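Worksheet: one structure, shown below.
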């Protein structure tokens, strides 16, 4: 048990260090800025893309090779004195960070981490989707030594993206076994970093603690990590990537926005509408501003779209939503009535206080009272359009699905809303407080 705990911590450190290296050398131009959420997100994403890329060439992995690769991520500390000095400076400066922070917030995070950790690790993963879909694929990839053309079709539906599954399989490689208990370390870390990132953004406001409490005590956010029926699903990871994408958008770091939207789409097909909308609209976003044309953001966005679609094409995964007889669907399903039913489903879900606490009450209040600000600022408008693109995508999915629409909505709508809840709450915070005053260069 103790060895498994140490190995689980090592896996998290591997993700964080890989993300740090990617951010430092590829995106930040060797300017180190400590950000746990960014490092974790980039680390998980880059390791997943690496494993998916190996699948094209059917290069097998094993525990020894994975552990060696994990240690390689720490080599820059040996060869790069500049990086080592910057990271060491942040570590040694931890006292000033705590001294400048609100003691109440520090206590709140300590209690939060303890309680969330206690409930998360009081059980193994148990939910059907987690065990029979996402982690079943992870087990197969671990046993087979990676992705190949045969094993991607074993678990249905085959067209599910693989980012979360290969992340869990990386965990299994290092632990040396498929463990449904310790793999929960990843969603727990995602939940914790998601909350920290939200606090980093809202703390500059006088009412920052109010926004933190609204977010931190959202019931369903807790349940996706702490309840065995929901822990291990991919929706929390999508919400994590969406929050990072929108925070990057509001800081005008468009390349990061493209990266995180692309990684969200590699986590679940549900996130594709936002990525496609961003790629289509970002040229106009750049042309209508005083900023430089966002060439790198456009390149990264379309590169991730093509990688996503190319992976599906190469492995013949198809699409359970696109592979339909559309004339038959239109004849059998009146589109207006089905769309109305889906929108009513979203309306009812927004009212579920047992899922969202006061979150959607706050969101509704600020949209109704200050929503006009969205149409006066292109960044806020783009953020709103991306969320609307997601809702349109969800509604379309409910229309074309082969399952009964009412059953599909009742069993999945709360998980879809979880994906857009963090960025939507962030959007209304920015409507309330205004855009950040720094980071105004589109890239």
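Yeah, the Cβs are placed from backbone N, Cα and C, and that goes for glycine too.
Curation plays no part in TrEMBL annotations; they are all automatic predictions.
From a predicted model like this one, the values you see are computed outputs, not experimental measurements.
The following features are taken from TrEMBL:
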| type | residues | note |
| --- | --- | --- |
| TRANSMEM | 6-27 | transmembrane segment |
| TRANSMEM | 34-54 | transmembrane segment |
| TRANSMEM | 60-79 | transmembrane segment |
| TRANSMEM | 100-121 | transmembrane segment |
| TRANSMEM | 170-194 | transmembrane segment |
| TRANSMEM | 206-224 | transmembrane segment |
| TRANSMEM | 236-264 | transmembrane segment |
| TRANSMEM | 293-311 | transmembrane segment |
| TRANSMEM | 353-368 | transmembrane segment |
| TRANSMEM | 380-401 | transmembrane segment |
| TRANSMEM | 413-435 | transmembrane segment |
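Nonlocal intrachain contacts for the transmembrane segment (236-264), taken as residues 6+ away from its ends with a CB within less than 8 angstroms of a stretch CB, comprise 27, 37-38, 41-42, 44-45, 48, 163-164, 187, 190-191, 193-194, 197-198, 201, 221, 224-225, 270-271, 274-275, 278-279, 282, 285-286, 291, 294, 296-298, 300-301, 303-305, 307-308, 379, 382-383, 386, 418-423, 426-427, 430, 435-436, 438-443.
Note: the stretches the transmembrane segment (60-79) and the transmembrane segment (6-27) are in contact (3+ CB pairs below 8 A, sequence gap of 6 or more). Sequence-remote contacts of a segment are chain residues at least 6 beyond its ends whose Cβ falls under 8 Å from one of its Cβ atoms, and for the transmembrane segment (6-27) they are 35-36, 38-47, 70, 73-74, 76, 83, 87, 170-171, 174-175, 182, 185-186, 189, 255-256, 259. If one looks beyond the transmembrane segment (170-194) by at least 6 residues along the same chain, the residues whose Cβ comes under 8 Å of a Cβ in the stretch are 4-5, 7-12, 14-15, 36-37, 40-41, 44, 47-48, 51, 61-63, 66-67, 70, 112-113, 116-117, 120-121, 124-125, 131, 135, 138-139, 142, 221-222, 224-225, 231-232, 236-237, 239-240, 243, 422. Between the transmembrane segment (413-435) and the transmembrane segment (353-368) there are at least 3 Cβ pairs closer than 8 Å, counting only pairs 6 or more residues apart in sequence, which means the two stretches are in contact.
Against the transmembrane segment (100-121), stretch 206-224 shows more Cβ pairs under 8 Å than any other of 206-224, 353-368, 380-401.
Same-chain residues lying 6+ beyond the ends of the transmembrane segment (34-54) with a Cβ under 8 Å from its Cβ atoms: 12, 14-20, 22-23, 61, 90, 141, 146-147, 162-163, 166-167, 169-170, 186, 189-190, 193-194, 196-197, 200, 237, 240-241, 244, 256, 259-260, 263, 266, 307, 311.
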